[in-house]
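Annotated features in TrEMBL:
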- 43-65: transmembrane segment (TRANSMEM)
- 56-331: domain 'G-protein coupled receptors family 1 profile' (DOMAIN)
- 77-97: transmembrane segment (TRANSMEM)
- 117-144: transmembrane segment (TRANSMEM)
- 156-175: transmembrane segment (TRANSMEM)
- 217-249: transmembrane segment (TRANSMEM)
- 270-294: transmembrane segment (TRANSMEM)
- 314-334: transmembrane segment (TRANSMEM)
């Protein structure tokens, strides 16, 4: 049989490729050679991103836990969002960086499974938390008399969020695994999917192409159910909230010109915060959803992905991770209670540190 280099290059891209003895053949791919300047820039950026996300979300959790008046239904959902942001930051962001800078997969089979599982779990929990925050504000502003519907079921809703998130992510514990292939001059190791495959022969060329219907169905569900539907849902909810807050006035309400001015200022802040929340979520996750859909719906699934795909994939994941760092800034920037609470916690920490130093000295 004549060696077909293109065949072997394509074969390395197939998650369920048939195992061949390749130990006598030279590796047909190109080994990764990342320049020093790129390593420094990426590590610096990710370090800032991770530190910001961890500090910001930890402060949100601490402020709500230590401040009685901050313990509201909406803030409980916000804490749940902060927990999911911490999970994806601590468990997934650095893994993406290591995978991008190193040749092949170097973190082992356990991290191969847990990374994808934690990523989808935190993503689902975070998105559902955003939807519940929107619903809580919807009932609190548009249907004030029914605000108790969410308040009485907040704890149950949070539990259901995590059950659903784990259920959606659990298939990845079974299909994701570390795989390897031994060449004459290189050991190829990667973290890939092992979804069932179907084979089709092209009549014109006789070439057998492979497709992965199970994988396509799963990632299509995740993309549609956990991005597009929440985006549409929150857009409608926030539109109704904005309409009520901006244009509706309570019948028979008598307020002074000064109160009207204050009310309009509050309305503007509410509108700005809601628009920024939705826009940030949509913009940070949109590139990743496009990358996923392209990967699953491109023709010839068993062919090698273009070079630009890996670059776009890294940028897309980085933007998605950045959302975890931006969420605390949005809430702190437009919520005075969080700013005051954060300032107090920082001041308490500084005073406590000073007291400890004086005691030691």
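The backbone N, Cα and C atoms fix where each Cβ goes, and this holds for glycine too.
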Intrachain residues whose Cβ lies under 8 Å of the transmembrane segment (314-334), provided they are six or more past its termini: 45-46, 49, 52-53, 56-57, 59-60, 78, 81-82, 85-86, 88-89, 92-93, 96, 100, 123, 126, 269, 272-273, 276-277, 280-281, 283-285, 287-288, 290-291, 342
Under 8 Å for C-beta pairs, could you tell me which stretch among 77-97, 156-175, 217-249, 270-294 has the largest tally with the transmembrane segment (117-144)? 77-97
